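Undergrad: I am attaching a structure below and will ask some questions about it afterwards.
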């Protein structure tokens, strides 16, 4: 039924027309009058659609401008992670291409011959404490996307005690207050991925629910599927309405130390021989774990225990080097959140300056190398060395500086406390005077 208001007819009863489309007041639902002009409800809707599309286009253009270039991503990673130049380059290109694919995917779909861009998930391989998790965390913070870390060792096949692989997506949803659209553009880091390698090359009568079984369960999730996730999680609330999350645009980064992988690589790459055909090598020719990883091929991961289908879902492989003494000293001092800067800020809150002598930093790096835990061991060393000092300082008066040298790190002396000079009050005059 046509709805006319007093605005859609003049005082003389003359038939009115829309000034934009030319339709009469009887052909439209509503005609709105302005100063000597009229507009119908259909033209208003059309204007709203045009404005809405322009806003969306400008928003998408603005968001694409905010996407940092690969060299910018690498430069920002340099501020937080020391070394690992090649790994940063691989990550920067992979992440840039992934989010470029998301932001321009709709435009390529309108082409005469649309090209579907595949997703490039990432595998980080490197020794403990080399910066795998920190790289993933820094990327997510840089791109301002939801980020979650999952531990592969806690995952099991559905129906067994442990976490389902869908719980990973639920954790991602929790990070963005169950905003499905945001979660679908997030980053998931699966740590300890090497711990779910197949236990044996030979088929077994017992089911490997935490190894190959988990790899099988992760296949579709990583490649892209519609995951059904309960808002409150788990199997305890089957009556809840499930959220449908498309994982095809979620970037999965898997990381692991892969202890023993260097031997697998050497067995493949180093040709053996007998007698005069044998290749002679000195002990000095033996490369360390990180250097050996540079020759990593997908087939080595399969021999290590990852199933071929799972390796195929992780086309981008970045290897990280072992951290040497010089790199550990840099980690202590150079990054934005370097440990020496963190402890400096803690002591500054008490009005005290802390001074780490160069020989102290050298000794900390030496102890970390002995522990073979990479950069992860640096904080525990610093905590144990500074524990007593941090216990005393809040109660001590007039302390202005703490000096830490090599002997302190080795446990042979205590940190040197420097006090401010306090003037003693003059003695009161005696009664005899």
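Note: Cβ is positioned from N, Cα and C throughout, glycine not excepted.
For reference, Swiss-Prot lists these features for the protein:
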DOMAIN    5-59  domain 'ClpX-type ZB'
BINDING   18, 21, 40, 43  Zn(2+) binding site
BINDING   127, 128, 129, 130, 131, 132, 133, 134  ATP binding site
Undergrad: Including all protein chains shown, what's the count of other C-beta atoms within 10 A of the C-beta of residue 134 (ATP binding site)?
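TA: 20, counting other Cβ atoms within 10 Å of residue 134 (ATP binding site).
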Undergrad: Suppose the Zn(2+) site is 18, 21, 40, 43. Which further residues of the same chain have a Cβ inside 8 angstroms of that site's Cβ centroid?
TA: 19, 20, 22, 23, 28, 31, 38, 39, 41, 42, 44
Undergrad: Which one is it, among the binding-site residues 18, 21, 40, 43, that lies nearest to residue 132 (ATP binding site) by Cα separation?
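TA: So, spelling it out, the nearest of the binding-site residues is 43.
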Undergrad: How many whole Å apart are the CA atoms of residue 130 (ATP binding site) and residue 43 (Zn(2+) binding site)?
TA: 61
Undergrad: If you count Cβ atoms within 10 Å of the Cβ of residue 130 (ATP binding site), leaving out that atom itself, what do you get?
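TA: Around the Cβ of residue 130 (ATP binding site), 28 other Cβ atoms lie within 10 Å.
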Undergrad: What Cα-Cα separation, expressed in whole Å, is found between residue 43 (Zn(2+) binding site) and residue 134 (ATP binding site)?
TA: 54
Undergrad: Suppose the ATP site is 127, 128, 129, 130, 131, 132, 133, 134. Which further residues of the same chain have a Cβ inside 8 angstroms of that site's Cβ centroid?
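TA: Output for this site, in sequence order: 126, 255, 320, 374, 375, 376.
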Undergrad: How big is the gap, in Å, between the Cα of residue 129 (ATP binding site) and that of residue 18 (Zn(2+) binding site), rounded to a whole number?
TA: 71
Undergrad: State which of the following binding-site residues has the fewest other Cβ atoms within 10 Å around its Cβ: 18, 21, 40, 43.
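TA: Each of the binding-site residues 18, 21, 40, 43 was scored; lowest Cβ tally within 10 Å is 21.
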Undergrad: For residue 40 (Zn(2+) binding site), what is the secondary structure by DSSP, using just helix, strand and coil?
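TA: DSSP call for residue 40 (Zn(2+) binding site): strand.
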Undergrad: Across the domain 'ClpX-type ZB' (5-59), what does the mean pLDDT come to, as a whole number?
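TA: Summing pLDDT over the domain 'ClpX-type ZB' (5-59) and dividing by its length gives 80.
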Undergrad: According to DSSP, collapsed to three classes, what secondary structure does residue 133 (ATP binding site) have?
TA: helix
